[in-house]
Amino acid sequence: MYKQQYFISGKVQGVGFRFFTEQIANNMKLKGFVKNLNDGRVEIVAFFNTKEQMKKFEKLLNGNKYSNIKNIEKIVLDENYPFQFNDFKIYY
């Protein structure tokens, strides 16, 4: 399993980016979450079954037509990442 954390910056809050991300993740049957951060970025934690699934998701992170992605910071999470997820959700 591949566990990734992403910090997305740019015009990503107030434009439906979390909903867009949730739809993609649920269509791909991913587990994890997406949430707004106080500094204007969006955080995503996602668990992938295959590297191909991860690459496909990352290609779709360009956002919807209302967002404007400036930067994507990607962090590989340790296999011992302490949280488990049953689905993919928006955290508020």
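Here the Cβ of each residue, glycine as well, is placed from N, Cα and C on the backbone.
Taken straight from Swiss-Prot:
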DOMAIN    3-92  domain 'Acylphosphatase-like'
ACT_SITE  ARG18  active site
ACT_SITE  ASN36  active site
Can you tell me the CA-to-CA distance separating ARG18 (active site) and ASN36 (active site), as a whole number of Å?
8
With DSSP helix as H/G/I and strand as E/B, how many residues of the domain 'Acylphosphatase-like' (3-92) fall in helix, strand and coil?
23 helix, 35 strand, 32 coil
